[in-house]
Amino acid sequence: MSIPNRSNTNPQPFLLTGIPDLEALHVWISIPFCITYIMALLGNSLVLLAVSLDRILHKPMYYFIAMLAIIDLICSTAVVPRMLGVFWLGSREIGFEACFIQMFFIHTFTAVESGVLLAMSLDRYVAVCSPLRYSALVTGARAAQMGLLSLARGAAAMAPLMCLLTRLPYCRGRVVPHSYCEHMAVAGLACADPAPGHRYSLAMATPLVGTDSALITFSYSMILRAVGRLPSQEARVKALTTCGSHVFVILIFYVGGLLSMYLQMFPFVLAPLIQVLVADLYLTVPPMLNPLIYGIKVKQIQEGILKLLGQLAGLRLT
(Lines of atoms letter the chains of each structure in order from A; the text may use other names.)
(Lines give C-alpha, C1' and ligand atoms only; values in the text may rest on other atoms or scores of the structure.)
Protein backbone atom coordinates (compact mmCIF):
# COMPACT_ATOMS: atom_id res chain seq x y z
CA MET A 1 0.00 0.00 0.00
CA SER A 2 1.50 3.31 -1.05
CA ILE A 3 1.08 6.09 1.47
CA PRO A 4 1.19 9.69 0.33
CA ASN A 5 3.48 11.76 2.50
CA ARG A 6 4.21 15.28 1.44
CA SER A 7 4.75 16.77 4.89
CA ASN A 8 7.16 14.10 6.14
CA THR A 9 10.06 13.83 3.71
CA ASN A 10 12.22 11.90 6.21
CA PRO A 11 9.69 10.19 8.47
CA GLN A 12 10.95 8.87 11.78
CA PRO A 13 9.48 5.74 13.39
CA PHE A 14 6.90 5.99 16.15
CA LEU A 15 7.29 4.48 19.62
CA LEU A 16 4.35 2.60 21.17
CA THR A 17 4.04 2.84 24.95
CA GLY A 18 1.75 -0.14 25.46
CA ILE A 19 -0.60 0.65 28.34
CA PRO A 20 0.37 3.97 29.98
CA ASP A 21 1.21 3.84 33.70
CA LEU A 22 1.17 0.02 33.69
CA GLU A 23 4.53 -0.58 32.03
CA ALA A 24 5.77 -2.58 35.04
CA LEU A 25 2.85 -5.00 34.63
CA HIS A 26 3.12 -5.47 30.89
CA VAL A 27 4.35 -9.07 31.12
CA TRP A 28 1.40 -10.07 33.30
CA ILE A 29 -1.11 -8.09 31.24
CA SER A 30 0.15 -9.81 28.10
CA ILE A 31 -0.93 -13.27 29.33
CA PRO A 32 -4.72 -12.83 28.84
CA PHE A 33 -4.13 -11.08 25.52
CA CYS A 34 -1.93 -13.96 24.35
CA ILE A 35 -4.52 -16.55 25.42
CA THR A 36 -7.27 -14.56 23.71
CA TYR A 37 -5.23 -14.38 20.49
CA ILE A 38 -4.46 -18.12 20.49
CA MET A 39 -8.15 -18.91 21.01
CA ALA A 40 -9.10 -16.48 18.22
CA LEU A 41 -6.60 -18.11 15.84
CA LEU A 42 -7.72 -21.65 16.64
CA GLY A 43 -11.45 -20.93 16.67
CA ASN A 44 -11.56 -18.87 13.49
CA SER A 45 -9.18 -21.19 11.64
CA LEU A 46 -11.28 -24.25 12.51
CA VAL A 47 -14.48 -22.51 11.41
CA LEU A 48 -12.88 -21.34 8.18
CA LEU A 49 -11.46 -24.78 7.37
CA ALA A 50 -14.75 -26.51 8.15
CA VAL A 51 -16.73 -24.17 5.90
CA SER A 52 -14.21 -24.33 3.06
CA LEU A 53 -13.70 -28.12 3.08
CA ASP A 54 -17.21 -29.41 3.82
CA ARG A 55 -19.49 -29.04 0.79
CA ILE A 56 -22.57 -29.32 3.02
CA LEU A 57 -21.59 -25.91 4.47
CA HIS A 58 -21.36 -24.21 1.07
CA LYS A 59 -24.43 -22.08 1.76
CA PRO A 60 -24.89 -18.30 2.24
CA MET A 61 -25.31 -18.51 6.03
CA TYR A 62 -21.97 -20.27 6.40
CA TYR A 63 -20.29 -18.00 3.86
CA PHE A 64 -21.08 -15.06 6.13
CA ILE A 65 -19.63 -16.93 9.11
CA ALA A 66 -16.49 -17.65 7.08
CA MET A 67 -16.22 -13.96 6.14
CA LEU A 68 -16.44 -13.04 9.82
CA ALA A 69 -13.69 -15.56 10.62
CA ILE A 70 -11.39 -14.05 7.96
CA ILE A 71 -12.03 -10.52 9.26
CA ASP A 72 -11.33 -11.58 12.85
CA LEU A 73 -8.08 -13.28 11.84
CA ILE A 74 -6.95 -10.12 10.03
CA CYS A 75 -7.96 -7.72 12.83
CA SER A 76 -6.45 -9.73 15.68
CA THR A 77 -3.24 -10.44 13.73
CA ALA A 78 -2.89 -6.74 12.85
CA VAL A 79 -2.97 -5.84 16.55
CA VAL A 80 -1.91 -8.58 18.97
CA PRO A 81 1.55 -9.69 17.71
CA ARG A 82 2.71 -6.06 17.65
CA MET A 83 1.20 -5.54 21.11
CA LEU A 84 2.91 -8.64 22.51
CA GLY A 85 6.20 -7.42 21.06
CA VAL A 86 5.81 -4.27 23.16
CA PHE A 87 4.75 -6.18 26.28
CA TRP A 88 7.31 -9.01 26.13
CA LEU A 89 10.33 -7.69 24.28
CA GLY A 90 10.08 -3.93 24.78
CA SER A 91 9.98 -3.69 20.97
CA ARG A 92 8.26 -0.33 20.92
CA GLU A 93 9.44 1.02 17.58
CA ILE A 94 7.13 0.88 14.59
CA GLY A 95 8.01 2.44 11.24
CA PHE A 96 6.14 5.50 10.00
CA GLU A 97 4.53 3.71 7.05
CA ALA A 98 4.02 0.49 9.04
CA CYS A 99 2.08 2.51 11.62
CA PHE A 100 -0.36 3.87 9.05
CA ILE A 101 -0.68 0.50 7.32
CA GLN A 102 -1.62 -1.07 10.66
CA MET A 103 -4.08 1.76 11.26
CA PHE A 104 -5.64 1.28 7.82
CA PHE A 105 -6.11 -2.46 8.30
CA ILE A 106 -7.55 -2.15 11.81
CA HIS A 107 -10.10 0.55 11.06
CA THR A 108 -10.98 -0.74 7.60
CA PHE A 109 -11.73 -4.25 8.77
CA THR A 110 -13.68 -3.13 11.83
CA ALA A 111 -15.91 -1.25 9.36
CA VAL A 112 -16.06 -4.38 7.18
CA GLU A 113 -17.05 -6.46 10.22
CA SER A 114 -19.92 -4.07 10.89
CA GLY A 115 -21.17 -4.63 7.35
CA VAL A 116 -20.87 -8.43 7.63
CA LEU A 117 -22.71 -8.45 10.97
CA LEU A 118 -25.48 -6.47 9.29
CA ALA A 119 -25.56 -8.95 6.38
CA MET A 120 -25.75 -11.86 8.83
CA SER A 121 -28.66 -10.29 10.71
CA LEU A 122 -30.54 -9.68 7.44
CA ASP A 123 -29.81 -13.25 6.37
CA ARG A 124 -31.34 -14.59 9.61
CA TYR A 125 -34.27 -12.18 9.27
CA VAL A 126 -35.14 -13.54 5.82
CA ALA A 127 -34.61 -17.15 6.97
CA VAL A 128 -36.94 -16.77 9.96
CA CYS A 129 -39.54 -14.29 8.69
CA SER A 130 -39.70 -15.31 5.00
CA PRO A 131 -38.46 -18.92 4.89
CA LEU A 132 -40.27 -19.76 1.63
CA ARG A 133 -38.48 -16.94 -0.20
CA TYR A 134 -35.07 -17.49 1.42
CA SER A 135 -33.48 -19.59 -1.32
CA ALA A 136 -34.59 -17.09 -3.97
CA LEU A 137 -33.54 -13.95 -2.04
CA VAL A 138 -30.27 -15.14 -0.47
CA THR A 139 -27.86 -16.92 -2.80
CA GLY A 140 -24.15 -17.61 -2.67
CA ALA A 141 -23.51 -14.94 -5.31
CA ARG A 142 -25.45 -12.33 -3.33
CA ALA A 143 -23.60 -13.28 -0.15
CA ALA A 144 -20.29 -12.73 -1.96
CA GLN A 145 -21.56 -9.39 -3.32
CA MET A 146 -22.53 -8.25 0.18
CA GLY A 147 -19.09 -9.21 1.48
CA LEU A 148 -17.33 -7.32 -1.32
CA LEU A 149 -19.61 -4.32 -0.78
CA SER A 150 -18.70 -4.28 2.93
CA LEU A 151 -15.00 -4.43 2.02
CA ALA A 152 -15.32 -1.61 -0.54
CA ARG A 153 -17.29 0.51 1.91
CA GLY A 154 -14.71 0.05 4.68
CA ALA A 155 -11.75 0.86 2.41
CA ALA A 156 -13.52 3.87 0.88
CA ALA A 157 -14.34 5.22 4.33
CA MET A 158 -10.75 4.91 5.57
CA ALA A 159 -8.84 6.13 2.49
CA PRO A 160 -9.64 9.88 2.99
CA LEU A 161 -8.69 9.64 6.68
CA MET A 162 -5.33 8.11 5.74
CA CYS A 163 -4.72 10.98 3.31
CA LEU A 164 -5.53 13.53 6.01
CA LEU A 165 -3.31 11.91 8.63
CA THR A 166 -0.25 11.12 6.51
CA ARG A 167 -0.09 14.73 5.28
CA LEU A 168 0.19 16.12 8.80
CA PRO A 169 3.67 17.17 10.06
CA TYR A 170 4.60 15.18 13.18
CA CYS A 171 6.83 17.25 15.44
CA ARG A 172 5.47 16.74 18.98
CA GLY A 173 7.58 13.71 19.64
CA ARG A 174 7.17 10.17 18.38
CA VAL A 175 5.73 8.42 21.46
CA VAL A 176 2.23 7.07 20.78
CA PRO A 177 0.43 6.61 24.12
CA HIS A 178 -1.23 3.42 22.98
CA SER A 179 -0.68 -0.31 22.33
CA TYR A 180 -1.15 0.10 18.57
CA CYS A 181 -1.41 2.92 16.04
CA GLU A 182 -4.83 4.21 17.02
CA HIS A 183 -5.53 7.12 14.69
CA MET A 184 -6.46 9.73 17.31
CA ALA A 185 -3.44 8.88 19.46
CA VAL A 186 -1.17 9.28 16.42
CA ALA A 187 -2.90 12.47 15.23
CA GLY A 188 -2.31 13.97 18.67
CA LEU A 189 1.43 14.04 17.87
CA ALA A 190 0.94 16.36 14.88
CA CYS A 191 2.02 19.98 15.19
CA ALA A 192 -0.74 20.98 12.76
CA ASP A 193 -4.41 21.03 13.66
CA PRO A 194 -5.74 17.42 13.56
CA ALA A 195 -9.36 18.61 13.85
CA PRO A 196 -10.24 17.90 10.18
CA GLY A 197 -9.28 14.25 10.68
CA HIS A 198 -11.26 14.07 13.93
CA ARG A 199 -14.31 15.65 12.27
CA TYR A 200 -14.08 13.29 9.32
CA SER A 201 -13.73 10.28 11.62
CA LEU A 202 -16.78 11.33 13.62
CA ALA A 203 -18.81 12.17 10.50
CA MET A 204 -17.89 8.83 8.91
CA ALA A 205 -18.20 6.50 11.89
CA THR A 206 -21.40 7.83 13.45
CA PRO A 207 -23.77 7.35 10.48
CA LEU A 208 -22.06 4.09 9.45
CA VAL A 209 -22.36 2.55 12.90
CA GLY A 210 -25.76 4.16 13.48
CA THR A 211 -27.25 2.82 10.24
CA ASP A 212 -25.79 -0.68 10.68
CA SER A 213 -26.82 -0.97 14.33
CA ALA A 214 -30.35 0.34 13.60
CA LEU A 215 -30.87 -2.23 10.82
CA ILE A 216 -29.41 -5.00 13.00
CA THR A 217 -31.77 -3.99 15.83
CA PHE A 218 -34.71 -4.06 13.43
CA SER A 219 -33.73 -7.50 12.10
CA TYR A 220 -33.40 -9.08 15.53
CA SER A 221 -36.60 -7.39 16.74
CA MET A 222 -38.51 -8.99 13.87
CA ILE A 223 -36.78 -12.31 14.51
CA LEU A 224 -37.76 -12.20 18.19
CA ARG A 225 -41.31 -11.30 17.22
CA ALA A 226 -41.46 -14.35 14.94
CA VAL A 227 -39.86 -16.56 17.60
CA GLY A 228 -42.50 -15.47 20.12
CA ARG A 229 -45.16 -17.04 17.88
CA LEU A 230 -43.55 -20.48 17.86
CA PRO A 231 -45.87 -23.11 19.40
CA SER A 232 -43.10 -25.05 21.14
CA GLN A 233 -41.64 -23.54 24.31
CA GLU A 234 -38.43 -25.51 23.81
CA ALA A 235 -38.02 -24.03 20.33
CA ARG A 236 -38.67 -20.53 21.69
CA VAL A 237 -36.08 -20.95 24.45
CA LYS A 238 -33.49 -22.30 22.00
CA ALA A 239 -34.08 -19.45 19.54
CA LEU A 240 -34.00 -16.84 22.29
CA THR A 241 -30.72 -18.26 23.64
CA THR A 242 -29.16 -18.12 20.17
CA CYS A 243 -30.40 -14.58 19.51
CA GLY A 244 -29.31 -13.49 22.98
CA SER A 245 -25.74 -14.71 22.43
CA HIS A 246 -25.63 -12.96 19.03
CA VAL A 247 -26.89 -9.69 20.51
CA PHE A 248 -24.35 -9.95 23.35
CA VAL A 249 -21.40 -10.21 20.94
CA ILE A 250 -22.81 -7.44 18.73
CA LEU A 251 -23.16 -5.15 21.75
CA ILE A 252 -19.53 -5.79 22.75
CA PHE A 253 -18.43 -4.90 19.22
CA TYR A 254 -20.47 -1.72 18.79
CA VAL A 255 -20.39 -0.40 22.35
CA GLY A 256 -16.65 -1.14 22.60
CA GLY A 257 -15.96 0.59 19.29
CA LEU A 258 -17.97 3.69 20.16
CA LEU A 259 -16.43 3.89 23.64
CA SER A 260 -12.96 3.54 22.16
CA MET A 261 -13.58 6.38 19.68
CA TYR A 262 -15.33 8.82 22.00
CA LEU A 263 -12.95 8.25 24.91
CA GLN A 264 -10.07 9.16 22.60
CA MET A 265 -11.94 12.28 21.47
CA PHE A 266 -12.71 13.36 25.04
CA PRO A 267 -9.64 12.16 26.99
CA PHE A 268 -10.58 14.02 30.18
CA VAL A 269 -13.38 11.52 30.89
CA LEU A 270 -11.22 8.59 32.03
CA ALA A 271 -7.57 7.89 32.79
CA PRO A 272 -5.41 7.09 29.71
CA LEU A 273 -4.82 3.50 30.82
CA ILE A 274 -8.59 2.86 30.90
CA GLN A 275 -8.96 4.34 27.41
CA VAL A 276 -6.21 2.10 26.05
CA LEU A 277 -7.55 -1.02 27.80
CA VAL A 278 -11.04 -0.40 26.36
CA ALA A 279 -9.55 -0.05 22.85
CA ASP A 280 -7.41 -3.17 23.29
CA LEU A 281 -10.29 -5.31 24.56
CA TYR A 282 -12.58 -4.05 21.80
CA LEU A 283 -10.15 -5.41 19.18
CA THR A 284 -9.20 -8.66 20.93
CA VAL A 285 -12.31 -10.04 22.66
CA PRO A 286 -14.82 -10.19 19.73
CA PRO A 287 -12.41 -12.22 17.50
CA MET A 288 -12.25 -14.80 20.29
CA LEU A 289 -16.02 -14.87 20.92
CA ASN A 290 -17.29 -14.74 17.33
CA PRO A 291 -16.24 -18.29 16.32
CA LEU A 292 -17.75 -19.63 19.55
CA ILE A 293 -21.08 -17.82 19.14
CA TYR A 294 -21.54 -17.80 15.37
CA GLY A 295 -19.54 -20.83 14.36
CA ILE A 296 -18.76 -23.63 16.78
CA LYS A 297 -22.21 -23.44 18.46
CA VAL A 298 -23.87 -24.09 15.08
CA LYS A 299 -24.61 -27.82 14.83
CA GLN A 300 -23.60 -28.16 11.17
CA ILE A 301 -20.26 -26.41 11.78
CA GLN A 302 -19.67 -28.54 14.88
CA GLU A 303 -20.12 -31.61 12.72
CA GLY A 304 -17.84 -30.16 10.04
CA ILE A 305 -15.10 -29.44 12.60
CA LEU A 306 -15.42 -32.93 14.12
CA LYS A 307 -15.22 -34.44 10.63
CA LEU A 308 -12.13 -32.33 9.89
CA LEU A 309 -10.45 -33.33 13.17
CA GLY A 310 -11.32 -36.96 12.49
CA GLN A 311 -9.68 -36.77 9.07
CA LEU A 312 -6.56 -35.18 10.56
CA ALA A 313 -6.38 -37.86 13.27
CA GLY A 314 -6.74 -40.55 10.58
CA LEU A 315 -3.91 -39.06 8.55
CA ARG A 316 -1.63 -39.07 11.60
CA LEU A 317 -2.41 -42.70 12.37
CA THR A 318 -1.58 -43.75 8.81
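Cβ atoms here come from the backbone N, Cα and C positions, even for glycine.
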Of 168-187, 208-227, the range TrEMBL labels transmembrane segment: 208-227
Residues from the same chain, set at least six apart from the ends of the transmembrane segment (100-122), whose C-beta lies under 8 A from its own: 1, 3, 61, 64-65, 67-68, 71-72, 74-75, 78-79, 82, 94, 143, 146-147, 149-151, 153-155, 157-158, 161-162, 165-166, 180-183, 186, 208-209, 212, 215-216, 219-220, 246, 250, 253-254, 257, 283, 286, 294
Interface check, the transmembrane segment (134-152) with the transmembrane segment (61-80), three or more C-beta pairs under 8 A: yes
Top partner of the transmembrane segment (25-49) among 61-80, 208-227, 239-259 - counted as Cβ pairs under 8 Å: 61-80
